[in-house]
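If you check TrEMBL, you get these features:
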- 1-20: signal peptide (SIGNAL)
- 66-208: domain 'Multidrug resistance protein MdtA-like barrel-sandwich hybrid' (DOMAIN)
- 106-133: coiled coil (COILED)
- 107-174: domain 'Multidrug resistance protein MdtA-like alpha-helical hairpin' (DOMAIN)
- 212-302: domain 'Multidrug resistance protein MdtA-like beta-barrel' (DOMAIN)
- 308-367: domain 'Multidrug resistance protein MdtA-like C-terminal permuted SH3' (DOMAIN)
């Protein structure tokens, strides 16, 4: 067993495979001696299959809800009733402003209202008496009109008093600052004893809801246009029935364990960057994702029903920079194909043209092949198969008998490298 074989094999497996092939091939006399130094190759049969296309875009995490806490009345902070960096629930008291002046204002407003209500009752009684006197012409018309006006003013005073009481009650309630949403609260910008003013510019603290959480990503408008055109032509079909699925790669390269979905796409293009903002929603029960984190979102674009995927190791570049690959032609000779590749899909290339289903693509040993333009080395003659294995070799004295399998996204070739007896293969 030579050390440059395509894959590492145990000595026992090599011995068993060699014994089986030698017994099947036989050793006809007079054959040519074995040739050394020609490397083995592995091939696979090109086929079409549905391919889910994805795109990876940069993004940032954004809180699902955010609330900045500002006082709506002024006063001295009496107490702070939360732990910085902890979780709070909606309705929980965060700060208490000294309520003394607001309690006094509320009491004053209630007293003013009571006075207005008493005046109203007097005006109503007087208006009823003057109405009876006016019917018998016991008072002048002017006195009757003055009485009606006084009654109307008394009613207005009562309404104003009720409004003042409500305003005083609201201001008293505003002296206690409660959490408007549930979430994680940040650092406090004030301590007990600090003076705050109504609607001040600086927030006292901020609450952010992190579960779920938004991921805002940007995509070039040209890519969006290309995707829509591909959908319109029928080259791509929508992946799934609902919203597009999204997965995340974190800053350290790990994959976020939970999957999200695309929530919406912005309707305008940023004139400075030529990009469109997309927003995805992710569950975040353990608060692993924090606002402002840099992530990479992997979005499903669609499904190409008849896609051709080839391992990247089978593709190289020519002098012009175009992708190329070797295939085994009908005459068992190597052919160099120029490919038109679309994109990477895992560790494979999605090929637009250059390969057709059924092509025998060389995936192993290409870099060690003896390639002479117009003097290709022929493959072993057809019909020499043993134990239902397909022999794919470009050595007349050796064969790489193997079977290709795919495990997840990686291509694996299981090869048994054996030496054939003289005469087992025709000379090239």
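Cβ coordinates come from backbone N, Cα and C, glycine included.
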Chain residues outside the coiled coil (106-133) and at least six past its termini with a C-beta under 8 angstroms from it: 139, 143-144, 147-148, 150-151, 153-155, 157-158, 160-162, 164-165, 167-169, 171-172
Tally of DSSP helical, extended and coil residues in the domain 'Multidrug resistance protein MdtA-like beta-barrel' (212-302): 13 helix, 39 strand, 39 coil
Per-state residue totals over the domain 'Multidrug resistance protein MdtA-like C-terminal permuted SH3' (308-367) - DSSP helix, strand, coil: 5 helix, 34 strand, 21 coil
Average model confidence [pLDDT] within the domain 'Multidrug resistance protein MdtA-like barrel-sandwich hybrid' (66-208): 93
Counts of helix, strand and coil residues, the domain 'Multidrug resistance protein MdtA-like alpha-helical hairpin' (107-174), according to DSSP: 63 helix, 0 strand, 5 coil
